[in-house]
Amino acid sequence: MTTSQPVLSLRGMTKRFGTVTAADAIDLDLSRGEVLALLGENGAGKTTLMNMLFGQYTPDSGSVHVWDESGTERLLPPGQPHAAIEARIGMVHQHFTLAENLSVVDNILLGTERLFHLNRNRRAARAKLEALMTHSGLHAPLDARIRDLSVGERQRVEILKALYRDVRILVLDEPTAVLTPQEADGLFVSMRSMVAQGLSVIFISHKLREVLSFSDRIAVLRHGAKVGEMATAEADTHSIIRMMIGEEHDAPERSPGKTGETALRLSGINVAPGRDTGGLLDVSLDLKAGEIVGIAGVSGNGQSALARVISGLVAPSSGSIETATASQTALTPRTALAQGIGRIPEDRHHDGIVAALSVAENLVIERLDDPEVSRAGFLKRSAMAKHAEDLSAAYDVRGPGIHARAALLSGGNIQKLILARVLETHPGVILANQPTRGLDFRAAAEVSRRLIAARDRGAGVILISEDLDEVLSLADRILVMHAGELTETASRDRSAIGQLMAGHAA
Amino acid sequence: MIEITPRENPSRLLTAGVPVLAAVLSLVLAAIPLAFAGAPILDAYGQMVTGVFGSAFAFTEMLTRATPLIFTGLAAAVAFKARLWNIGGEGQLYLGAMAAVWVGTGMIDGPPILMVPLVLLAGAIAGGLGMLGPAVLKTRFGADEVVTSLLLNFIILIFVQMMLEGPLKDPMSLGWPQSEPIVDAAVLPQLMEKMRLHAGFLLAIGTAVIAHVIMAMTVWGLKIRAVGENPAAAKHAGIPVTRVFLAVAFASGALAGLAGVSEVAGLKGYLTADLSPGFGYTGIVVAMLAGLSPLGVVASAIFIASVFVGTDSMSRAIGVSSFLADLTVSMSLICVLLGGFFARFRIRRLKAGEAA
C-alpha cells in the first residue's frame, strides 16, 4: 500500500557521455509500499538512471537520498556499488546474473557469506528461504542446478535472491519478458503481497498493459529527461504512449492478406531436446505464401529448436522439410538461403551480425559468392559500399557510417541491418524469431510494418514471439508451442491462448 | 580511484602508433638491465645501431635474420585472425625443413626452376599438415589447439633428432647429427655477392603482400575474419566454419613450414637440430607486435631481427650477455599488450570526491 513515507529520492540526476546527455536532471521519488513504473523508449535513459542509483556510474551532478526504517534521511555516496546494497536496494536484471553450474541455494547465498567462514549455516539459510517462498508465493526447487531450470524459474530465483538480502527497494527490469501471461500474473500477485508488506518497487517494462495493472504511479523518460509523471489510476495507454514518443502510436495497419501456394511445409519434425533448449515432437506446419503464422509460447518450449531447424542450424532426427523448390530431410544455412528462406535470428548479437566487421560487410555476409558482391574471389568494394549506402538509407540504419564496425550500432539499428539484409533478396519464406525483443516502440513498429509489407508482397512469414500482444496484432494464424508440440488455435482470446501456452487443452 | 572506460572507436593513429611506441619503449627499457650489467649505456646503444646499420653486411645479416621471422610471424597472424591459436610454429618450421631436406638431397634430380618450387611446396605441405592435426582434433573433439600444437613442437623436435641420427644422417658428417647438404639446384639463390641474404627474403615479402591482399580484399579473407570474430553468426550466414578453420590451419602451418625451407635451403644448406633458435615462438611476438596485420609483420620482424642482431654485436663488443636481446623482445611484447589496452580504453584519474 502506498504510504506517504518516502524511501528513496533521486534529485537532479545528470550524466553526460561526451556530447550526449544520457540523463538530464531527472528527479524521481519513491514511497514505502509503492510501485513506480519507469517507462521510456530504448535509449531514453532508464538504464543510465538505474546504473547511477546502483553506483555503476557516478552522476555528473545530482544526489541519491534514502530513508531507513526509522525515517532518517541519508545521502548515498555516488559511484559506490556497495552503498546501494547496504541501503538494501536490489535489482533483478533483464539478463540473469546466475551461476549456471551452481544450485539455487548456492546462487542465492552467493555473496552473502563471508569468504573465510568455514562452517556455513545452511540450515538457517534454508529455513529463511522456505519462509520467504511461502511468504512471497515465489517457489523454486532449492537444490536444482540453475542450468536445469526454465527461464521463468530462473527469474524467480533472481527475485528470491534479492528478497533474501532483505531489500526494501526492488528494481525489476522487464521482468515478464520471458513469462507466460499466467506466470506473469502470478508474479504480480506475489509482488503485490510483498508490496503490501512495505516493499517498494521500481518497475521497468515495455508492456503497457502490465504497467497499467501493476503500478501505482508512472514516470516517463524521453531523451534522457523526465517528460511526465502521473498516477496510474489517471493514465491510459494512449496518454502514456503519447508521452513516451511524443506522438500518437498507431497499431500497424493491416488487412487480411491473400494466401497462395504452400511456401514451406514441415512434416513430422522431431528434434531431441538439447541442454538448454526444448526439443520438437512431431511438429508439422504448412505455411502459405502471403500469410503470417504467429507462434506463441513461453521460451524453452521448442521455439528455438523450430527456428534452428528452419534456419538450417540443426538437422531433425526425422521428418521432412519442403520448400517451393526442393524437399529434404534437413536444411543447412546455405540451402536455406538458396531456397529463399530469410532468417531473422533470436539473438541478433550472437547469430545475426559479426560485430567486428563493417556494416557494409555484414549486409552481404549471406551472399558473398553473389556476382554483385564478388568476382573471382575478390570483393567488389565499391559496389558493396554503394549497396550499403542504398540499403542503410532505405531501411533507416543509423550509425557512424557503413565502414564502421557493426558493434557501434544500437540494438534497434542492428535489427534494421538484419532486416535489410533479409528482405532485400525478397525471400519467399521469412523466419522472424523474436524480431522486436528489446526494441522501443518506434523500432518495433517499423519491424512490424516491414514484416506485413513482406507478407503483402507474397512472402510466408513465421513469427515466433513471446509477446502475445505482438502475435495477436500481426499473425493471420496463431499456433501455440508447448513442450515441443505445436497446436493451432482459432481463438484470439488472451486467456484461452495463455491456457494453451501453459499446456492445458483449450 | 581511476576510471576505465572503453573507447568507442579507437583512432587509426592510436592503433598504429601503439606498436611503434611499444617498440621504442622496450628499447629504452633495455637501459635498465644494461645499467645493472655495468655497461656504458650510450656506448651500448651505439654498438647496437652499428651492429645493424653500420655496414651493408650488418644490414643484410639483419634482413637474413628477419626472413624466417616474417614467415613464422605470418603463420601466427593468419591463424590468430581466425582465433586459431597456433603455438606450434616451431614444430611446423622443422617439419618444413625436414621435407625440404627429404626432397632436396637427391631424391629428385632436376634444374633449379623445378627443384626450388618443389622444395618450397614440400615444406609448405609438411608444415600445413603439422597444423592440420591439432585443428582436426579441435574441430572433432574440442581439444585445445594451444596445448596440442605446443606439445607437438617437442615431439617433432625429438623426431628430427632421431631422423638426424638415423635415416637422414649424412654419412660424410664425421658423426655429427646433420643431414646431407641440399643439392645445388634446390638452393635458394644468394641476392648479393659475399652476403648471406638469399631469395627467401624476397619470397617472405611477397608472401606477406599476398597474405595482405587475401585478408583485405577477398571473400576468403572476409570469411576468415568472420569465423574468427563470431563463428556462430558466420555459421548462421552460411559460411562453412569448419572448412574455413581447417584451411586457415593448413595455411598457417604451411607459412611456418616455409620458414624452415628458407632457413635450410637458403642459409644453412643442411638440417641440424639447432636450425631454429625459437623462430616459431618469436613469430608469435612478431604477429602480436604487428597487430596481426600481414604487412605489419614485415616491419615488426625487421624490428625484432634488428634487436637480435644489434644486441649480438653489442655483446661481442662490450661483453654484455646476448640474452639482453630476448629480454628486449619480451619487453616489447609486454609493452604492446599494455599499449593495446591503453588504445582500447580511456583511463582517467579521479580527484578525491569526484564522480567517475
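Using the three backbone atoms N, Cα and C, a Cβ is placed for every residue, glycine included.
Heads up, TrEMBL stuff is auto-annotated, nobody curated it.
Features as listed in TrEMBL:
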TRANSMEM  B:20-42  transmembrane segment
TRANSMEM  B:62-80  transmembrane segment
TRANSMEM  B:92-108  transmembrane segment
TRANSMEM  B:114-137  transmembrane segment
TRANSMEM  B:146-164  transmembrane segment
TRANSMEM  B:197-220  transmembrane segment
TRANSMEM  B:241-261  transmembrane segment
TRANSMEM  B:281-311  transmembrane segment
TRANSMEM  B:323-343  transmembrane segment
CB contact flag for the transmembrane segment (B:281-311) and the transmembrane segment (B:114-137), at least three pairs under 8 A: no
Highest-contact recorded stretch vs the transmembrane segment (B:92-108), from B:20-42, B:62-80, B:197-220, B:241-261, B:323-343, CB pairs under 8 Å: B:241-261
Contact between the transmembrane segment (B:20-42) and the transmembrane segment (B:114-137) (at least 3 Cβ pairs under 8 Å, separation 6+): no
Stretch among B:62-80, B:114-137, B:241-261, B:323-343 sharing the most Cβ pairs under 8 Å with the transmembrane segment (B:197-220): B:62-80
